[in-house]
Every structure is written in structure tokens, then in C-alpha cells.
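Engineer: Below is one structure. I have some questions about it.
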Amino acid sequence: MSVLIRGVRPYGEGERVDVLVDDGQIAQIGPDLAIPDTADVIDATGHVLLPGFVDLHTHLREPGREYAEDIETGSAAAALGGYTAVFAMANTNPVADSPVVTDHVWHRGQQVGLVDVHPVGAVTVGLAGAELTEMGMMNAGAAQVRMFSDDGVCVHDPLIMRRALEYATGLGVLIAQHAEEPRLTVGAFAHEGPMAARLGLAGWPRAAEESIVARDALLARDAGARVHICHASAAGTVEILKWAKDQGISITAEVTPHHLLLDDARLASYDGVNRVNPPLREASDAVALRQALADGIIDCVATDHAPHAEHEKCVEFAAARPGMLGLQTALSVVVQTMVAPGLLSWRDIARVMSENPACIARLPDQGRPLEVGEPANLTVVDPDATWTVTGADLASRSANTPFESMSLPATVTATLLRGKVTARDGKIRA
């Protein structure tokens, strides 16, 4: 079946046009297109058309913790949030450190069919940091794993990290680093600063992140490798990234929506929903991250969508599992922090939420231009809408959103994966 999107503005620019999607591709773009007899018509008058979003950093919890999330519920949240591809991190149970697990995740994603689910393979066996996994076998499997990370923990041994970068270069795959020097964060739950001191919480210094980013930039330089930095959170990290890029080092980085909007003032409530890794930092860090995203020092937005069940969050702060939901709120938070103040345009949103992450992960069919003949992986956005976040109403199996009861701008009105409508007007289209 073909789909006709009526009255939309590609990238939020120019006059309103109609976009006809047929056979999984953009077939026509122009004003007042004829409606095919079998077309599914989407009235998107005045809405913005963007390439489907790509999330380099999600936790779908399958296998092992399906009580918090699984690939079906996570895919639904992704589609409703405008995503057409997500990367599922390896810290599952069992760990995704072999083709048995990565191929299972891939096949489950294909079975659900709402987004392309790309499994991330572990860098080290069991995330233990001691022995490299068989990256080549995972890359050669059905999932064709193209990104590897021990996210949740840092590959802290510099020799192991150097070998991983060398190995990855030979395979043409990417290492994504959770930048945290573990010896600086023992027992830490909050950003090291006045707020943590006042609340009596052990502090997590910026240097724990910055030192690993600097080290891995140098290792990538010497190995001639690419390295990607997960969830940048500190102003100092921005300076290191800028220096590394100026040196010609092949380093990329992501920032989460929650680090763009929130800061450690939230911790005063001792609410476990605000515990996240890396921690919410000071307002000055959030300002630096926003500017870095606008300037291209930080390449993309990634959600670090991390569902946790109520019994894992509704506990004392130190006992709460770190992580926040992000897939359905990401666009709105980015609009509030970046578009509303004029730091990014809608075309820039396409760059940081679709084109750049697709390029980093080397996905040939995602993040493509809105042109005739291109794959119809598309997101339609109502830029003028507002909505109030209610965790219980989100598609995730968990409800641990830090944006509970917030009024946020912009809504996703439709998502198309290879021409198939996967989400429309807040509902999943199976």
C-alpha cells in the first residue's frame, strides 16, 4: 500500500508539499499530488517531515530483564518517538558477547518489525574488561554487528582498549566507550559538587569521564581507529573532544536529552528516578553540552533509554538502579533545549538525530535525504503541539521518566519504516 503525506514541510523549510511513498521509497514530492486509489493518507498540514531518527544507545533489556523492557515494548516506544533504527546495548543477561545473543536480538527485532534493532556486541567477555570478545564472529553473523561497547562499565584497561581499537579497525566496526575511570567513582552516586556535599552523597568527579575521553582519543590516534564516546556529560569533555577533532583524531560523541535539560539540582528530592550514569551535573555543564551540540563538537543525540521497574527505582537514592527512559521524550526535550532558543533548526535536528548517527554507525539506508528514490524511513512532527509526560502512559514496560508531569513541545504524528506506517497519532500500527 502507498502512503500520501499531505501538506508537510520537509526539514521545516519552504512551502508545504505532498510526499507520496510507494514500495518502501519516496516516489513523488510536490504540491497537490493525486491520491492513489489504495493510498493511506496522512493529513500533515503544517507539520515537519524529517528522516527517521537513529538512536545509537538504548537498553532494551532482552534477554534477561524482560520485566523492565523487552524488544517489543522498546520498539514500540522507539516508533512512537520517531525512531526507525535503534542500537541495543550489550549489558543483557546473558551478555551480548557472542553471535548466539546478538543474532537472537536481531531476529527478535525483525520479528517485531517496528524499528530496525541493531544489537551492540560487548567489547570484552562478560563485560569483565579482561578478554576481548570474538567481534569478527558477531560481525559475520546474521546481525552483522557493527558497534561494540561494554556500556554500563568502562573498558578501563588501556592495553585492552588499545587492542580493541586495533581489532575493530581491521573489521571496519566501531568501539563505543562508556567513559568512566572506575577508581574515581567507587561508591559515588552524584556529581561531585556543592549539591552532593549538601546532600551527603559521595561525589562523582568530572575527571572520571574526562580522563578516559583524553586517553581513548590518544589510543584511537595511535591505532588509526574510530572511537565513539557515549553520553558526554561534562564541560571539560567538550574541550577534550574539540582538541581531539582539531588534531584530526577520528572521535565522535553523543549527548543524552536528560543531560541537555536537567542538572544536579534535581537530586534535592532524593528521588531515585534522578539517579543516572553519568550523573546529572551542574547547570553550567548542560549549557556547555547544548553549545557543543550546536557547534558540532558533539555529533549526535542518543537517548541512553534505560528502563527500570518500580522496585528498582522507588528505593533510597544510593540503592536505585541508574538510568532513565528516553525514547518517547527525546525529540521534545531536544526541541525545548535546542530549537526553541534558536541553537538548532529543524534541518539541524535531522543532522543530530538521524544523519550523523546513521553515518557514525554506517547504516546505508538510514539518515538519507528527503528526495525521490530514497528509502522511506520518515518521521512526521507537529512542531506546534504540546503534551504532558505521564510515565504510566508511555509504551515502555517501565515508567522511570525524569520528565513526569512536564509539559513539552512537539509531538511525533507519524513514523514510517521503509514505507510502512509504524506509529500514527500516538498509537502503534502493527
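The backbone N, Cα and C atoms fix where each Cβ goes, and this holds for glycine too.
Bear in mind that the values here come from a model prediction, so they are computed numbers and not experimental data.
Got these off Swiss-Prot a minute ago, pasting:
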- Asp304: active site (ACT_SITE)
- His57, His59, Asp151, Asp304: Zn(2+) 1 binding site (BINDING)
- His59, Leu60, Arg61, Asn91, Asn277, His308, Pro322, Gly323: substrate binding site (BINDING)
- Asp151, His178, His231: Zn(2+) 2 binding site (BINDING)
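Help me picture these features in the structure, burial and contacts included.
Structural biologist: Under a cutoff of 8 A between CB atoms, and with a sequence separation of 6+ in the same chain, the neighbours of Asp304 (active site) are His57, Thr58, His59, Cys230, His231, Thr256, His258, Val276, Gly323, Met324, Gly326.
According to DSSP, His57 (Zn(2+) 1 binding site) is assigned to a strand segment.
Following the DSSP three-state reduction, the secondary structure of His308 (substrate binding site) is coil.
In the three-state DSSP scheme, Asp151 (Zn(2+) 1 binding site) is classed as coil.
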Engineer: Taking the Cα of His178 (Zn(2+) 2 binding site) as the centre, which of the binding-site residues listed as Leu60, Asp151, Pro322 lie within 10 Å of it?
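Structural biologist: So the list reads Asp151.
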Engineer: Of Leu60, Arg61, Asn277, His308, Pro322, which is closest to Asp151 (Zn(2+) 1 binding site) if I measure between C-alpha atoms? They're all binding-site residues.
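Structural biologist: Spatially nearest to Asp151 (Zn(2+) 1 binding site) by Cα position is Asn277.
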Engineer: So, in DSSP terms, is Gly323 (substrate binding site) helix, strand, or coil?
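Structural biologist: Once the DSSP labels are grouped into three classes, Gly323 (substrate binding site) ends up as coil.
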Engineer: Have a look around His178 (Zn(2+) 2 binding site) and count the other CB atoms within 10 A of its CB, chains all included.
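Structural biologist: There are 25 of them.
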Engineer: Could you tell me which of these binding-site residues, Pro322, Gly323, has the fewest other Cβ atoms within 10 Å of its Cβ?
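Structural biologist: So among Pro322, Gly323, the binding-site residues given, the one with the fewest Cβ atoms within 10 Å is Pro322.
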Engineer: Find, for the listed binding-site residues His57, His59, the residue with the lowest Cβ contact count at a 10 Å cut-off, counting only other Cβ atoms.
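Structural biologist: Lowest Cβ count within 10 Å among the binding-site residues (His57, His59) is His59.
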